[in-house]
């Protein structure tokens, strides 16, 4: 508590970080070179740094459970925090390029762990460029859910290659998603919503969830309510455009 009193970035009453000290540009250029450590392979990801209560040692040779949910461009971590208590037995991680925002999410998780003993031990965040380094973090078929909430629309056609959903990136996402795993996307930009839906629709390894499945999935309800961006859209009476797709085996592999 003495540390919190001396640290203006921490709220004295809640022990959580004050967001105004961690503000950053809304988006970053994912094609620029950034300098941060990247694991050589998924086996080099140190789980003890992310989930110290669950993994006291960096040695994971016992084949213990692995990260299953990845929130790509996790922002201030609203979705992760909601998912952590909804799926308390599932390891999840947010991947964020902006350093100040990543630091905020780290402090937020640490504060929640202190305030709620035994909770939020299954959630973490890492500063990285997910458009470049997804295969460094996850093995083939490791993930069961991936989230892309309110990504940068990159309006100019010459910048569409920076979009986090694209045909060639979906190849990578299909690699790390297990069969039956789900990609969740949402945006308040109609053109981007159509782009993401189109990319998923034409990809041979994804199929849309049915309306019945969407209604039954508790995660779908969080897409527009759990994040700062979603709440802002709701306050302004804006529209959102979702595309939720399942990883499948392509028809050519059905009998293999």
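Note that Cβ sites are derived from N, Cα and C of the backbone, with glycine treated the same way.
Pulled from TrEMBL:
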| type | residues | note |
| --- | --- | --- |
| ACT_SITE | 152 | active site |
| BINDING | 73, 96, 97, 129, 130, 149, 227, 228, 229 | S-adenosyl-L-methionine binding site |
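Here the features listed in TrEMBL are painted onto the structure.
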residue: 73; record: S-adenosyl-L-methionine binding site; contacts (Cβ under 8 Å, 6+ apart): 95, 96, 97, 130, 148, 149, 151, 152, 164
residue: 227; record: S-adenosyl-L-methionine binding site; contacts (Cβ under 8 Å, 6+ apart): 75, 76, 78, 79, 149, 150
residue: 229; record: S-adenosyl-L-methionine binding site; contacts (Cβ under 8 Å, 6+ apart): 75, 149, 150, 188
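Cβ contacts within 10 Å of residue 152 (active site), excluding its own Cβ and spanning all protein chains shown: 19. For residue 130 (S-adenosyl-L-methionine binding site), the number of other Cβ atoms no farther than 10 Å from its own Cβ, over all displayed protein chains, is 25.
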